[in-house]
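Right, one structure below, let's go through it.
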């Protein structure tokens with residue numbers, strides 16, 4: 001059966017690019033066969049997961065062309081790699097926070113700070129998009145329960161809210177090792193509350209949280225609509241505030257925009273300082289990538305950093321994930337990171353913006369997508385079947401071209417620039433609420449860029 005795999009590899013080499021084949025298929029080894037299943041091994045989990053995700057159907061087709069249509073392929077990590085992983089098990093952040101409530105006990109009064117030591121002010125890249133939030137967080141860290149209590153930081157996913165929140169805790173502990181600091185997601189706070197209610201240990205729960213010097217709660221929006229959790233957090237907030245203890249929370253929205261959040265909590269969040277984090281510009285993204293690459297020992301060429309920053313989303317976490325993937329491929333294959341490698345390795349999650357998109361291209365593409373005429377898209381007709389595509393097209397023009405608001409208005413039938421601004425803001429606001437709209441715009445964006 002090993003001959004079958006070698007032949008299948010040879011066939012795949014003819015249809016895949018050299019870069020793809022040598023990176024993902026060549027490292028796969030024959031491990032045996034059982035009945036009608038071919039057993040294959042990847043040298044590590046990273047390659048196994050990537051091959052399973054992107055190339056397993058192609059592998060299966062190649063193997064079946066040499067055997068029969070009922071043949072199966074099973075891909076595992078090499079045994080020696082599994083043993084290495086087993087010796088150093090790591091529980092993921094998600095498991096820690098979102099594990100089954102039934103399996104947990106109510107946490108004792110003693111606590112862990114839950115702080116990630118890597119998230120400090122030194123490792124945070126400051127730019128125009130996050131400068132205000134950074135300054136506010138640093139001020140709170142240097143003077144807890146001073147001017148800004150509570151501190152409410154809000155912004156989109158992956159922009160650095162958790163980093164700043166954790167940096168505050170780490171800075172406070174650097175100055176005072178005896179400070180009672182605790183970082184919790186609102187989900188974990190709720191899970192612990194549920195368990196303490198179940199085991200009738202509410203006094204222990206209250207003693208734990210109401211005796212903190214600094215309470216850091218991430219993603220507070222998740223307690224919205226949870227009456228008992230909001231009730232308990234409200235009293236915890238009051239107890240800490242009245243004791244002149246610092247409270248810092250993060251959210252993906254401004255307090256007034258969180259649906260299901262009680263008015264009494266909303267008003268308390270507005271007592272202190274509210275700071276927002278905006279998506280980073282290209283220069284800031286390049287700086288973030290460079291700092292992360294230096295920290296992780298990854299040699300990242302300037303042209304690749306610029307390619308990632310120009311082509312990727314504004315989600316910093318996603319940006320760093322791409323860098324980690326590139327670093328892993330370079331390390332596992334013994335090759336240097338190049339622009340060609342970046343395009344190949346990240347082609348499933350990145351779009352290349354080197355092709356210039358024009359307003360006219362967007363109008364034609366959106367009109368075709370919604371099966372309407374370009375003239376209707378540019379008209380003043382207020383039919384819903386035309387208004388929504390028109391607003392989407394205007395939003396994409398602002399997002400993908402360098403055209404100014406007046407320029408866009410001129411190309412949409414001479415509309416006033418204030419109308420164009422309204423359309424952009426309207427779509428921008430709806431994107432956080434309407435997942436169908438978000439999916440449509442993402443599909444159109446990728447189609448235009450590809």
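The backbone N, Cα and C atoms fix where each Cβ goes, and this holds for glycine too.
What you see is a predicted model, and the numbers here were worked out from it, not measured in a lab.
Lifted from Swiss-Prot, the feature list:
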REGION    1-71  region 'Domain I, interacts with DnaA modulators'
REGION    71-113  region 'Domain II'
REGION    82-103  region 'Disordered'
REGION    114-330  region 'Domain III, AAA+ region'
BINDING   158, 160, 161, 162  ATP binding site
REGION    331-450  region 'Domain IV, binds dsDNA'
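Around residue 158 (ATP binding site), taking its Cβ as the centre, 17 other Cβ atoms fall within 10 Å, counting all chains. Same-chain residues that are not part of 158, 160, 161, 162 yet have a Cβ within 8 Å of the Cβ center of the ATP site turn out to be 155, 157, 159, 163, 164, 250, 277, 316, 317. The DSSP secondary structure for residue 160 (ATP binding site) is coil. The 10 Å shell around the Cβ of residue 162 (ATP binding site) contains 20 further Cβ atoms across the protein chains shown.
A sphere of 10 angstroms centred on the C-beta of residue 161 (ATP binding site) encloses 25 other C-beta atoms. Each residue in the region 'Domain II' (71-113) has a pLDDT score, and their mean in this model is 53.
Listed in sequence order, 124, 130, 133, 277, 316 are the same-chain residues at least 6 apart in sequence whose CB falls under 8 Å from the CB of residue 160 (ATP binding site).
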